[in-house]
């Protein structure tokens with residue numbers, strides 16, 4: 001610390017100049033920051049689940065869909081069909097769309113003697129009401145369209161755009177929205193599908209950042225005003241955190257990384273957390289000046305004394321966030337590491353840039369942060385009396401609450417459904433509910449069955465198994481509208497037999513000839529469901545967007561049914577799709593939560609033990625934060641708050657940020673003890689002095705996280721509320737539980753040493 005002190009006193013202008021130059025560089029980089037909400041980007045590079053999804057998507061032209069649903073009293077009349085046809089044509093022209101299907105361009109298989117013809121189901125739009133009714137009656141007989149492109153009540157229709165694997169999904173969704181607007185529809189329209197969810201999330205993220213960042217800055221400035229009651233007390237900490245935000249976002253862009261859904265909280269978090277170091281430094285600076293030290297002496301004393309505590313607190317916070325780097329989810333890993341970088345920048349700024357600026361400024365005329373605050377003084381006096389008289393009771397109550405929290409924590413359920421990131425009354429939620437109810441969902445589950453031999457799918461017995469599996473899948477919760485080559489063969493067989501209903505079944509023989517007839521007229525119809533060598537079939541089933549628990553249950557049953565029909569000895573089976581990706585994320589969130597939480601607590605204990613040169617002292621500082629983490633999980637269990645990508649980070653944040661309060665309190669207590677002051681008096685000084693700085697700090701951090709209550713995303717609102725609660729609990733833990741542990745621990749030590757006069761006066 002002497003080196004930092006010397007640099008600050010000798011080169012304050014140089015420190016400020018270098019800071020400005022680096023800030024200009026990172027500000028330039030930050031201007032190009034990108035936002036990415038693609039679910040695949042959540043996975044680590046080379047993840048086999050994503051690779052499988054990409055491979056199937058590439059082979060069959062895409063596995064993600066944009067669904068535009070139109071709803072009207074009679075969706076089969078000329079006007080509505082005209083709108084559908086116009087939109088379908090325009091959607092097919094969008095760059096990145098492989099194909100767009102609707103009732104107006106879907107192909108029908110018709111018999112022509114001993115051959116078949118594949119042509120449009122609707123050759124011409126109906127000219128009269130009678131023609132529209134005949135067309136509607138005909139549509140009701142087409143199982144391949146009904147429930148997929150046209151609802152069974154004939155009041156809704158879908159236009160489904162299949163996106164190419166390498167498409168710019170946000171561009172596609174934007175163009176679809178433009179087409180919908182330009183169409184001047186008289187029908188109600190609803191847009192959904194995974195690409196629509198991710199695009200809407202990206203738009204809401206931009207809105208959140210532009211709204212919440214200034215908001216949290218103003219809130220923290222208000223807290224700083226009540227804390228320091230001076231212009232410099234407001235501006236200096238805010239400048240420190242603004243610089244840390246610019247450096248961090250610029251650093252992210254410089255590395256070619258993007259912001260994700262959880263990155264929305266990054267600026268808010270850095271403003272809230274980063275201000276803590278500046279608050280502690282200024283509070284000690286004002287305290288030393290009030291005691292008669294000159295400006296330079298106060299800066300020196302602050303660097304040497306509180307600077308060490310700031311570094312200790314900063315290191316544990318950095319470790320807490322870095323523990324998120326152990327997550328399997330890329331977005332959580334990146335968030336943790338980038339936040340750690342931001343905290344490091346705020347830490348360095350607080351002990352270099354901040355004192356350098358103070359060095360060049362005039363000494364303040366008043367030191368209101370260090371002056372008496374009657375209300376605060378009474379509060380901290382009450383806290384000390386509670387600790388002094390009821391320390392054992394405090395520990396007993398904490399143990400009981402922790403035990404109850406541990407009991408309900410297993411009730412927490414993981415959730416990775418993107419739809420939960422939107423409000424119940426939002427347009428995207430309404431669209432999702434309607435498409436789920438009328439068309440069975442907008443996501444597809446892809447099942448690929450490989451016979452591992454050329455022309456293997458031409459075996460009628462194999463196709464009978466496929467047919468049976470499709471029937472079983474249709475019975476499952478969330479699944480509907482299964483489609484495979486079997487459906488095409490059944491329709492072809494009926495067409496070749498004068499359209500008789502009893503022939504709407506698989507032909508008993510001649511599968512190769514049936515496939516040849518279809519491919520000779522329209523090979524595009526088959527390539528969606530079989531490969532060129534006739535080795536494998538693709539079963540596509542639409543999946544309703546549902547919670548993680550329901551999705552996992554359905555996928556487990558799907559796997560069981562597939563394995564029962566197609567043994568691994570004879571067939572190679574692949575199951576993929578957006579539901580599978582989401583389900584895999586669920587498992588990753590749970591395992592990552594356990595890994596990062598254990599790592600953060602263990603690392604916090606080790607680092608505090610090393611810095612305080614004692615594992616006992618490390619335990620005393622770490623125990624309150626462990627209690628905070630347990631209480632957080634208890635609240636989640638009691639209130640049925642799910643574990644998602646946002647809430648899974650709270651525990652590590654609580655450890656990284658919350659342990660700061662304990663470290664600052666304990667180091668001040670230790671500083672007084674080294675002067676020869678008694679244990680009780682040392683605790684009283686620590687609670688009164690550091691308690692004030694901790695209070696200012698906790699208030700700023702808590703208020704900062706509460707700003708997230710104004711986020712567009714419900715999970716981030718929950719994240720903000722829970723994190724704020726953990727900050728308050730961490731503050732109280734440092735002010736009440738930690739001193740109680742010190743007192744009880746000393747009493748036990750003296751009792752074990754045979755000293756009956758346990759007074760704690762020395």
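The chain as shown is numbered from 1 upward.
For all residues, glycine too, the Cβ spot is worked out from N, Cα and C.
Database features (TrEMBL):
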| type | residues | note |
| --- | --- | --- |
| DOMAIN | 238-360 | domain 'SSD' |
| DOMAIN | 618-744 | domain 'SSD' |
| TRANSMEM | 12-31 | transmembrane segment |
| TRANSMEM | 209-228 | transmembrane segment |
| TRANSMEM | 235-255 | transmembrane segment |
| TRANSMEM | 261-283 | transmembrane segment |
| TRANSMEM | 303-323 | transmembrane segment |
| TRANSMEM | 335-358 | transmembrane segment |
| TRANSMEM | 392-409 | transmembrane segment |
| TRANSMEM | 594-612 | transmembrane segment |
| TRANSMEM | 619-639 | transmembrane segment |
| TRANSMEM | 645-663 | transmembrane segment |
| TRANSMEM | 695-713 | transmembrane segment |
| TRANSMEM | 719-744 | transmembrane segment |
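Among the listed stretches 12-31, 261-283, 335-358, 719-744, the one sharing the most Cβ pairs under 8 Å with the transmembrane segment (645-663) is 719-744. Of the candidate ranges 235-255, 303-323, 392-409, 719-744, 719-744 has the most C-beta pairs within less than 8 angstroms of the transmembrane segment (695-713). Across 12-31, 235-255, 335-358, 392-409, 594-612, the stretch most heavily in contact with the transmembrane segment (619-639), judged by Cβ pairs under 8 Å, is 392-409. Same-chain neighbours of the transmembrane segment (303-323): 1-2, 4-5, 8, 273, 276-277, 280-281, 283-284, 336-337, 339-340, 343-344, 346-347, 350-351, 355, 596-597, 599-600, 603-604, 607-608, 611-612, 652-657, 659-660, 663-664, 667-668, 671, counting only residues six or more beyond its ends whose CB sits under 8 Å from a CB of the stretch.
Spatially, the transmembrane segment (335-358) is adjacent to the transmembrane segment (261-283); three or more Cβ-Cβ distances between them are under 8 Å for residues at least 6 apart in sequence. The stretch from 12-31, 235-255, 392-409 with the most CB pairs below 8 A to the transmembrane segment (719-744) is 392-409. Between the transmembrane segment (209-228) and the transmembrane segment (235-255), the number of CB pairs under 8 angstroms, six or more residues apart, is three or more, so the stretches are in contact. Here the transmembrane segment (392-409) has Cβ contacts under 8 Å with residues 386, 627, 630-631, 633-638, 736-737, 740-741, 744 of the same chain, all six or more residues outside its ends. The helix, strand and coil residue counts that DSSP assigns across the domain 'SSD' (618-744) are 112 helix, 1 strand, 14 coil.
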